[in-house]
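Here's what Swiss-Prot has on this protein:
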DOMAIN    1-52  domain 'ClpX-type ZB'
BINDING   10, 13, 33, 36  Zn(2+) binding site
BINDING   118, 119, 120, 121, 122, 123, 124, 125  ATP binding site
């Protein structure tokens, strides 16, 4: 008697009927097993979770955007207001276009943003938080790694590859995303007596290459990044509605502003001090100052919104340590809480940490490194110390590397 062979198997994973719990039949002798159904459902669920579709009514008003920025970014009030308005107007323009509203009578230009401020003043955090508020894809690129096509380094199109990767290559979502390009001041034109001796492959050439992307055009993007080659398939990305935010320290820009104001000459020093006291010199920046710095006019023209950030004060650095939702002190306190231990920082300790960040000229960015240095030994020791109920960090721990005070539970 012939043995009947069971030929039914899952068309997705190839497992036979006796290897799975359920095998569901479809048309044309196709089947899917319960395991693959569960995987498909999980994929659909994840895609819904990371959906970037949003309606105009879902875009927070400028006041709401700033309020959320306040939860993560301390200080920089003027910059937060400028960014809130610019981002709101940018996405309002997109939704008006999607709704089919006529914009023929007035051309609404894209509000790309240029952030100018010292290291650790919050430029990257502002851009990242904006993307989080709006639930849009976000990517960060470093301008120093970009070079002209044909030279060692990254093509400018690679900044769009990162954006595509951030939303699993959902082109429609990427086309509403935010790209932050850091250290944009490092691609300023080289200057000197004879600047043409060596080709400026990471300066003016990169600015020219970025022009096409930031102004809004359809760009051929290599899907896996890297250099383009003739046989490679490209993904077409329309950058018209992508918001580009560029940030840089622009060291020396203040001197250019002073020269323009005519306040670097003898007899005007008192007036310079007055300007410095009343408002940061950077707030007086004009496009011509950036052009003199080394940015090309066409590039600066693509960034109509300029927001300046000032160096953070000691008080603001202390607030950064304790106030934001992701404040470092809160994070360490939670880690100690999981060990059943209370962690306390004295006010003087927090101020010493802030002073050290100012001394290192690292701003808020350097706070974590300082905290890690302070906490490394005690975090190593506490889990092995029985009966510890509180750890107190005072100024001597920060300044003199002394041991923190330990409070133990009293034996019954």
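Each Cβ is built from the backbone N, Cα and C atoms, and glycine gets one as well.
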_Rounded to a whole angstrom, what is the C-alpha distance between residue 123 (ATP binding site) and residue 33 (Zn(2+) binding site)?_
50
*asked:* Among the binding-site residues 118, 120, 122, which residue has the fewest other Cβ atoms within 10 Å of its own Cβ?
replied: 118
*Ranking the binding-site residues 10, 13, 125 by other Cβ atoms within 10 Å, which is at the bottom?*
13
_Surrounding CB atoms that lie within 10 Å of the CB of residue 123 (ATP binding site), all protein chains_ = 29
_What whole-number Å value do you get for the CA-CA distance of residue 10 (Zn(2+) binding site) and residue 124 (ATP binding site)?_
48
*asked:* Quick check: in three-state DSSP terms, what is residue 33 (Zn(2+) binding site)?
replied: strand
_Integer Cα-Cα distance in angstrom, residue 125 (ATP binding site) to residue 36 (Zn(2+) binding site)_ = 40
_Under 8 Å by Cβ from residue 33 (Zn(2+) binding site), counting only residues of that chain that are 6 or more apart_ = 10, 12, 13, 15, 20, 21, 22, 23, 24
*Do any residues at least six apart in sequence from residue 119 (ATP binding site), in the same chain, have a Cβ closer than 8 Å to its Cβ, and if so which, in order?*
249, 361, 362, 363, 365
_I need the most crowded of these binding-site residues: 121, 124. Count other C-beta atoms within 10 angstroms of each C-beta and give me the top one._
121
*Could you tell me the C-alpha distance between residue 122 (ATP binding site) and residue 36 (Zn(2+) binding site) in angstrom, no decimals?*
45
_Cβ neighbours of residue 36 (Zn(2+) binding site) where a neighbour is any other Cβ within 10 Å_ = 18
